[in-house]
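Participant: Would you mind keeping the following structure in view while I ask a few things?
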């Protein structure tokens, strides 16, 4: 059977929160089959466990924020994206603040951390959410949509009227049957505009933001000396975010995702719409890994590249 996965050993790292600018300690721990991804605020007098789920996402203005019993864990999307990309089903994520550290602004640090811990298959079938009917959410000209598809592919279109973004492409389509998440998506960094960063800082946000963890643009160009990691890094980062946003549903999706100018809020609304229609999806497992869609049965020791 195609099995669930967790990590082999405990791994730790330290970083800063993008918005708070505060130091955050992050610990990843193995979890039993069927646990899911569970975030734990270990800094609180009584630690609060917040399982990743579509219904636990609260604030989505600047990041995906999980909330429960007054506790929050913000900016979960890059770590969730890494878990999706490496097929991690079960994991405990201990944090000492209300924000996951931003690291280098991409998912690469989390991929490296998970691969350093080692990936372990578990004796339980991996459960997928197979989309059986189209589901769509619209907000003005923005939209996000899931269609039935035997695998996982995404098509994302952004619309940033900026010369540097225009030059690198505003649209990307990826089918993970023949694309490596680690090589092609994981290293794409978050980006922002210098004037917005200044405004956010005045509001007490983006205190941890810098060119070490984001691509920063002025009105005309990229300000980072080292340029881009991918020719189309902007749209690739939006896709990285979407993969993480969608993975909070609790299982990998078997679906085709199409989006135009979507963000954390629309992605979460799409998941809620899907879950509201019981005839739009089913939970499936694969007794024979060979019968599963290509791309899900990759080697657990994929080299970081």
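FYI, residue positions are counted from 1 along the chain as it appears here.
Quick reminder: no glycine exception, Cβ is built from N, Cα and C everywhere.
A quick note: this is a predicted structure, and the numbers were derived from the prediction, not measured.
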Participant: Could you look at 19, 78 and say which one Swiss-Prot places alongside 237, 241 in the Zn(2+) site?
Facilitator: 78
Participant: Around the C-beta of residue 264 (active site, proton donor), how many further C-beta atoms are within 10 angstroms, looking at every protein chain?
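Facilitator: 22, counting other Cβ atoms within 10 Å of residue 264 (active site, proton donor).
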Participant: Which binding-site residues from the set 78, 237, 241 come within 10 angstroms of residue 264 (active site, proton donor), judged by C-alpha positions?
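Facilitator: If one measures from the Cα of residue 264 (active site, proton donor), the binding-site residues that come within 10 Å are 241.
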Participant: Centre the Cβ atoms of 78, 237, 241, go out 8 Å, and tell me which other residues of that chain have a Cβ in range of the Zn(2+) site.
Facilitator: 77, 81, 106, 107, 188, 189, 190, 238, 239, 240, 244
Participant: Rank the binding-site residues 78, 237 by how many other Cβ atoms lie within 10 Å of each Cβ and give me the one with the fewest.
Facilitator: 237
Participant: Enter the number of other CB atoms within 10 angstroms of the CB of residue 241 (Zn(2+) binding site).
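Facilitator: Step by step: centre on the Cβ of residue 241 (Zn(2+) binding site), count other Cβ atoms within 10 Å, giving 24.
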